[in-house]
Amino acid sequence: MTRTFSTKKIYVGLAALLLSAVSYAQETTGCGQPADYSWISEALLKHSGQASKIVSVKPAGALGLCELRSDSGPVLYSVPGTRKVMVGQLYSFTNSEIIDLTQLSNQEQTRALLSEVKPEDYIAYTPSGPVTATMYVLVDADCQFCHKMHEQISQLNQRGIEVRYLPFVRGGRKGAAWSTMSGVWCAKDRKQAMDLAYQSKSIPAAAECEPILEKYQTFGRKIMLQGTPFTVFADGSTLARYSPLSEIAEKALAAASEVNHAQAR
């Protein structure tokens, strides 16, 4: 397991500590800059050894809160000018529906990160006919459920869904699959190498491809990956587990439809 899976517990454990801290500045109307929240990073490092940095700050759009995002871990909410932090989901209730503002913000963040993914970074399994939807899957070579999903790629392709693999080694550099995944991403034929990896064949390590593995370790932490396979759809929604093919396809097609409608507005 990587630090990705323990970060949430660390933040929750420290929430009470941070909530009890005294105000360190006068109340302000703005949320300030990421550097204004360095005290969070300092507290995490001091009390848990967890190195984490606030990288973005913006108004949460409710209750006068500011939304804080770190380079790993869940979304935090803070009251401007205080050392008070909340961890959890922020909801908006209307007469007709309940809106998960945190989820919407997470999807917006994920879409922004997807826009930075380069074609040379992923392994694309493309339908022979028209592409009706695309989805990204973060995979690990020694992940049993990744292997199971891999066997169904052709069925997703038959429904017009393009599947794009990105690397995520659950154990990081110390993970058993790190050397294998570096070799897969440096192979001339990545698809063939991926097939061989899932057949437990030996794939020579390739140090020159380790930077791309590092890149998507960070990517996974930013989108709060919870194990592999971890699927990311076009609208920024995610699926944090292996699921039946019908559910995966339904979500992929629905996400593509939502994106198309949004672009047409």
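Using N, Cα and C of the backbone, Cβ positions are placed for all residues, glycine too.
Keep in mind that TrEMBL annotations are predicted by a computer and have not been checked by a curator.
Sequence annotations record features per position, and here TrEMBL assigns signal peptide to 1-25.
Taken from TrEMBL, the feature domain 'Disulphide bond isomerase DsbC/G N-terminal' applies to 40-102.
Among the features that TrEMBL reports, domain 'Thioredoxin-like fold' is placed at 134-241. The average pLDDT for the domain 'Thioredoxin-like fold' (134-241) in the predicted structure is 95.
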Tally of DSSP helical, extended and coil residues in the domain 'Thioredoxin-like fold' (134-241)
50 helix, 19 strand, 39 coil
